[in-house]
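Enquirer: The structure that follows is given in the form of structure tokens.
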């Protein structure tokens, strides 16, 4: 989005509209080549995603070599795969920080998604609009569009 704002031309859809390409007339062509995987069914893509991720997760939980000695239900248990943490207390603190940062990132992405749904623009363009006219481009101004009877 930032590159497009500065004049670089991309043929791809805006990031928050990318999933809608599968519903277009031509479907979704990977790498712009219709001879590669030509996806036209959202159910087929969903099924492939479930099967592929299910196989990987099943391998991990079932005791694959990459998951040996780890608790299969604890997130972040493979936090230090290279063994760089010397102090167990510091490692435990860093694990908590990593999980909290991941939660913050997910919450931020949720904000970007809501912003894109409400305004139809990405976060960079919304930031530029807000900086240009803060009174007209903020959450309260857009919230008035959803007031019943307006």
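Here the Cβ of each residue, glycine as well, is placed from N, Cα and C on the backbone.
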Enquirer: Name the residue range among 36-56, 57-77 that Swiss-Prot annotates as transmembrane segment.
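Expert: Result: 36-56 is the stretch Swiss-Prot calls transmembrane segment.
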Enquirer: Given the ranges 83-103, 104-124, which one is assigned the annotation transmembrane segment in Swiss-Prot?
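Expert: Here Swiss-Prot associates transmembrane segment with the stretch 104-124.
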Enquirer: Quick one: pull the CA-CA distance for residue 103 (chlorophyll a 1 binding site) versus residue 97 (chlorophyll a 5 binding site), whole Å only.
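Expert: About 10 Å separate the Cα atoms of these two residues.
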Enquirer: Rounded to a whole angstrom, what is the C-alpha distance between residue 98 (chlorophyll a 3 binding site) and residue 41 (chlorophyll b 3 binding site)?
Expert: 36
Enquirer: Starting from the Cα of residue 139 (chlorophyll a 6 binding site), work out which of the binding-site residues (97, 101, 115, 146) are within 10 Å.
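Expert: Passing the 10 Å Cα cut: 115.
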Enquirer: Have a look at the binding-site residues 49, 115, 130, 146 and say which one has the shortest Cα distance to residue 101 (chlorophyll a 4 binding site).
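Expert: That would be 115, nearest by Cα distance.
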Enquirer: Could you check which of the binding-site residues (49, 97, 115, 130) sits closest to residue 41 (chlorophyll b 3 binding site), going Cα to Cα?
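Expert: With Cα distances computed to residue 41 (chlorophyll b 3 binding site), the winner among 49, 97, 115, 130 is 49.
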